[in-house]
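Engineer: What follows is a structure written as structure tokens; I'll ask about it next.
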Amino acid sequence: MTAYEMNFDGLVGPTHNYGGLSYGNVASQSNSQAISNPKEAAKQGLAKMKALMDMGFKQGVLAPQERPDVAALRRLGFTGSDPEVIARAAREAMPLLVASCSASSMWTANACTVSPSADTADARVHFTAANLNCKFHRSIEHPTTSRVLQAMFASQEHFAHHPALPAVSQFGDEGAANHTRFCKSYGEPGVEFFVYGRSAFDSRYPAPARYPARQTLEASQAVARLHGLSEEGVVYAQQNPAVIDQGVFHNDVIAVGNGEVLFYHQDAFLDTDKVLGELGSKLAGRGGNFQAVCVPNSAVSVEDAVKSYLFNSQLLTRADGSMLLVVPEECRNNASVWRYLEQLTAGNGPIREVRVFDLKQSMQNGGGPACLRLRVALKEQELAAVNPGVVMSLELHDRLVAWVDKHYRDRLSEADLADPQLLIECRTALDELTQILKLGSVYPFQMT
């Protein structure tokens, strides 16, 4: 049966700012307090979506969250009218206002974990919203994320939605950023690869010392159970704690997989040989031929991998079966990374082409091409059941660019977040967006 991988990119929200909220994310920390350009950020993301659509890839869009999140501030004790809540938070607890304004939902790789119908017990596509409980600014996303996903994938015949796991550190879940699926073809049963940073309940597992491990083994196992995955179709691997301490806060900063190929750094995992062996044997059991492409430390250091976001790239299968790697501009600007990529594409391995995109506004907050997209493998009838309002087309692209031009600022500082007019601008924009994308009422301000 014909099936496709569809990428749903996050539309950058109108409050995109550099709050430096993500401890363990080097770019986020180092660009804290810089002036952001929400209009440019949204257009850079839309340009990538259009370019991939023009290349023949299936492309969709995922709506941003309502920000500032006044309801979250109310839960923290701020009272009064909505503008009064924002003014009081700005006066008494600016870091909380900054967190409530974060546009981090643009990184839809963290929205949820997706298992395609070929892998699940009930032959439906399963979604589990990620609790993102490691960071306050992201932990408030999942209720709206769930509503948006249900509006996009509404058919109960084809799609199953699970709420986020319990919001405690033992079940810390960062979604698809720590999940990859290998398969011979998208419509056939595959092997789902879950990467975790630590175990919550077994102290024998090592853990990083400097930065937090955001994903637990127990969270990954729970998602696999919820999705009805068989043991033959799942591999768990522990991320190398040493690279977490070097700024590799998600697996998608040090590895990317697609089809039968895993592109990874030499230091990405613990027990690498065992992990690769299990992936190879389980994929062979499902008719596939696993190919591992290892980038050695001698070619690209972990530091350069993190600076350039070499692995936070999109690995896409072209019509002829070869693969395309979509990387940020920062890869071209890093001598050792670019030298490696030129050698990689000149060889006779599976990755034959590299495409470079300018995603500077997202990159400065620590999110590259892979962060910005959620992959969903869909069979023909499932694709037909997706809400057509979120499927990218030339008409939708142009409409969204015009919408951004109409509603977004081209300069946003931390002080601007306290502007009561910003709240009105954002709600006006999102109200219009839900009509453009045919989502219905998904935002708290639309539901009161």
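Including glycine, each Cβ sits where the backbone N, Cα and C put it.
Below, the features straight out of Swiss-Prot:
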type	residues	note
ACT_SITE	GLU174	active site
ACT_SITE	HIS250	active site
ACT_SITE	CYS371	active site, nucleophile
BINDING	19-28, ASN110, 137-138, ARG214, ASP252, ASN365	substrate binding site
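Set these features in their place in the structure for me.
Structural biologist: In the shown protein chains, 30 other C-beta atoms lie within 10 A of the C-beta of GLU174 (active site).
Note: HIS250 (active site) has non-local neighbours ALA109, ASN110, GLU174, ALA177, ASN178, ARG214, GLN215, CYS371, i.e. same-chain residues 6+ apart with C-beta under 8 A of its own C-beta. DSSP gives HIS250 (active site) a coil state; it is part of no helix or strand.
In the three-state DSSP classification, ASN110 (substrate binding site) falls within a helix. Around the Cβ of ASN110 (substrate binding site), a 10 Å sphere holds 29 further Cβ atoms from the protein chains shown.
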Engineer: Hey, what's the Cβ neighbour count for ARG138 (substrate binding site) at 10 Å?
Structural biologist: 23
